[in-house]
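Have a look at the structure below before the remarks.
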Amino acid sequence: MVPNYSTEETVKRIHVDCPVSGRHSYIYIMVPTVYSIIFIIGIFGNSLVVIVIYCYMKLKTVASIFLLNLALADLCFLITLPLWAAYTAMEYQWPFGNCLCKLASAGISFNLYASVFLLTCLSIDRYLAIVHPVKSRIRRTMFVARVTCIVIWLLAGVASLPVIIHRNIFFAENLNMTVCGFRYDNNNTTLRVGLGLSKNLLGFLIPFLIILTSYTLIWKTLKKAYQIQRNKTRNDDIFKMIVAIVFFFFFSWIPHQVFTFLDVLIQLHVITDCKITDIVDTAMPFTICIAYFNNCLNPFFYVFFGKNFKKYFLQLIKYIPPNVSTHPSLTTKMSSLSYRPPENIRLPTKKTAGSFDAE
């Protein structure tokens with residue numbers, strides 16, 4: 001929808017060129033329902049992740065620090081979902097005021113950048129740990145990981161500033177309702193393009209290429225170990241985890257990124273047909289739902305792929321205190337979205353042809 005701004009008041013009045021764009025009754029039922037499901041499962045799952053990592057795993061590894069911050073970033077976003085569920089259920093009537101409009105919108109943007117930056121750092125950490133296990137030990141320290149997380153939170157905050165500044169509530173005169181959206185000056189094309197393309201490039205394309213490259217190099221290293229290892233079960237598990245990470249990340253975000261780019265074209269008046277605008281505005285909430293499932297399902301990667309995480313998770317469910325462990329010698333190493341693969345992969349010699357352990 002492309003607004004034309006007419007007056008400047010406490011609540012600015014706008015006129016919408018395509019007033020029926022994206023306004024369908026089934027959206028007002030389906031999308032809030034999906035948001036509610038994501039909220040319940042996401043809050044429960046990510047809260048368990050925080051408890052397990054912080055209380056049971058004790059932040060002993062670099063990966064655990066990144067994973068804890070990833071779960072916290074997801075929680076920061078998830079607490080805003082009830083607002084968006086209500087907003088959609090009320091047919092895009094925003095009743096919560098300008099402050100919550102800005103904060104809830106910034107929460108989405110902040111989570112997008114924080115999550116993708118953390119996943120990128122996790123992929124780089126996995127690459128260094130597996131491909132360069134000895135050389136990387138000096139750089140892969142707990143201190144460096146904590147500083148990196150602080151920098152990521154700051155960068156995500158900076159990237160979300162335009163949302164806080166330019167997202168406001170407006171009164172749509174021909175819709176007779178108050179909406180929460182962006183206000184663009186008619187001649188300000190830089191902001192329109194910048195917000196959309198930054199989400200496309202910084203929030204998806206560049207991180208995805210880094211993640212894909214990192215895990216491709218990891219797989220090549222594991223493939224070499226395949227050729228001289230008798231028992232491939234553990235390597236198969238790692239490979240499945242790698243494929244799941246890349247596949248899930250790409251396919252959960254690509255629909256939203258494509259329609260975000262189309263929305264930029266609409267804002268630039270490259271696309272002016274209201275029928276196409278309606279398709280974009282109708283599809284956008286559903287692409288957002290697909291992307292939001294990333295926040296909801298991340299914890300299940302830990303359970304399915306993380307043997308140590310699964311052990312601690314079961315302890316938590318059974319109310320076993322963190323200091324009680326049936327296998328105290330087990331490590332807490334995890335991977336980027338599951339267990340952490342071995343710190344040092346030993347390429348077996350003839351005497352140790354069946355080993356593939358972590359130090």
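A Cβ is built for glycine as well, from the same backbone N, Cα and C atoms used for every other residue.
Keep in mind the model is a prediction, meaning the values are calculated, not measured.
When you check Swiss-Prot, the disulphide partner of CYS180 from the set CYS99, CYS101, CYS274 turns out to be CYS101. Going by Swiss-Prot, the topological domain containing SER25 carries a different name from the one containing TYR312, and the two residues are therefore on opposite sides of the membrane. For the residues ASN188, ASN231, Swiss-Prot attaches the annotation N-linked glycosylation site to ASN188, which does not rule out the feature elsewhere. Swiss-Prot gives the label N-linked glycosylation site to one of ASN176, ASN323, namely ASN176. The highest number of surrounding Cβ atoms within 10 Å, among the disulfide-bonded residues CYS101, CYS274, is found at CYS101. Per Cα geometry, CYS101 is the residue among the recorded positions CYS101, ASN176, CYS274 nearest to PHE182 (angiotensin II binding site). For the transmembrane segment (99-125), the most Cβ-contacting stretch among 26-55, 62-89, 191-216, 279-304 is 62-89 (pairs under 8 Å). It is ASN176, among the recorded positions ASN176, CYS180, PHE182, LYS199, whose Cβ has the fewest other Cβ atoms within 10 Å in the structure shown.
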